[in-house]
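Annotated features in TrEMBL:
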DOMAIN    7-392  domain 'Major facilitator superfamily (MFS) profile'
TRANSMEM  43-61  transmembrane segment
TRANSMEM  73-92  transmembrane segment
TRANSMEM  98-118  transmembrane segment
TRANSMEM  130-149  transmembrane segment
TRANSMEM  161-182  transmembrane segment
TRANSMEM  194-212  transmembrane segment
TRANSMEM  224-241  transmembrane segment
TRANSMEM  262-284  transmembrane segment
TRANSMEM  296-318  transmembrane segment
REGION    371-392  region 'Disordered'
Amino acid sequence: MRSTWWPLAAITLGNFMLLIDVTIVNTALPQVAHGLDASFTSLQWVMDIYALALAALLMVAGSAADLFGRRRLYLLGLAVFALSSLICGLAPDAGVLIAARAVQGVGAAAMFATNTPLLMATYSGRARGVAFGVWGGTSGAAAAVGPVLGGVLTEYVDWRAIFLVNLPLTAIAVWITLRTVGESRGASGARIDWPGAVSFTVCAGALTYGLMRGGEEGWSDTRAVVALTAAALALIVFTVVERGARQPLLDLRLLRRPSFAVLMAAALLLQAAAFPYLTYAGLWLQSVLDMSPVRAGLAVTPMAGVALVVGAAGGRLLDKVAPGRTLGGGLLLVGAGALVNGTLVDASSHWTAPAPRLALSGLGIGLKHARPGVGGPRRRPARSGRAWPAAP
């Protein structure tokens, strides 16, 4: 196993699994409700608690990776993810399933926070661009395939299979990681910024919960208002703490650079536009166009495939193109694809009609992931675990 690309395979496989699990449960919810006699509220938590734990612990996991070792934390994340997936698949009731999904989110945070630092430490030059392009394209494919794969497994196997399928994939990722991925750590004497870690975790968790609650119950809902207020206060505390920290989780001085701040804002907008589109495209095809899970999967394949190819090729071909152009072009293409599908495709359209428009959006998504320096700050690898998880 001496190939240069085996470490990429190990890291990409873990990334693919954790992102698929954000959306794979969506199409299985009716069967989960029937099998566990679960309420609507319980179903919402089955979906939301995973994303909540992942978002809240992401930056803390990045800091821990710098201190204890990125490869070690990635392997620990894989183990936690596999064990919690097994418990999800065997859950006797909704309470156990929700608790296991929360633990699954903890494992996913450890995996996701170590992905980019491990790639940064393993690859350099053009190889790094290709690696990040493949990694990013696979991220897009995972988001698009998740709902469809969930529907196929639920329809032809059982809803529990959407969790149990992670077990062999995790075993493969662990085996490849142990054999090919080298260990790396942060700078000597690195420490976890606990005040910053706690305030960021509270901010991210409260913000995620507040947005979920507000979207479901309305923005005047008391719990949503309280959660969003708590997130704002925690953000203020985090900002104050980081300004005075000797080893901050996030160096806020970077935001004083106009070029960096603008690029980060553009990357955030593109991520906000692309990820929901990838996530809900499969659901839209099934619910609005009344496609079967298999046909919906075939329809989104061009989007996922183009994103993967452009991300991989763009890492090599767009190395000297200004980041603003790739991000701006990506935003325009994602928006154009969504606009054309939303206005020209309806329930009477043939199932192949959305495919070319989805491919157009996939081109835009691929452009975002083609530039490894756009999604996060260009910090030295010694502290990249702290920098990258905060990136959009």
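The backbone N, Cα and C atoms fix where each Cβ goes, and this holds for glycine too.
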Note = The mean pLDDT across the domain 'Major facilitator superfamily (MFS) profile' (7-392) is 80
Task = Considering only the recorded stretches 73-92, 98-118, 130-149, 194-212, 224-241, state which has the highest number of Cβ pairs under 8 Å to the transmembrane segment (161-182).
result = 73-92
Message = Counting only residues 6 or more past its boundaries, what in the same chain has a CB within less than 8 Å of a CB in the transmembrane segment (224-241)?
response = 193, 195-196, 199-200, 202-204, 206-207, 209-211, 213-214, 217-218, 248, 252
Remark   = Per the Cβ under 8 Å criterion, with at least 6 residues separating them from its ends, the transmembrane segment (194-212) contacts 44, 48, 51-52, 55-60, 63, 223-228, 230-231, 234-235, 237-238, 241-242, 245, 248-250
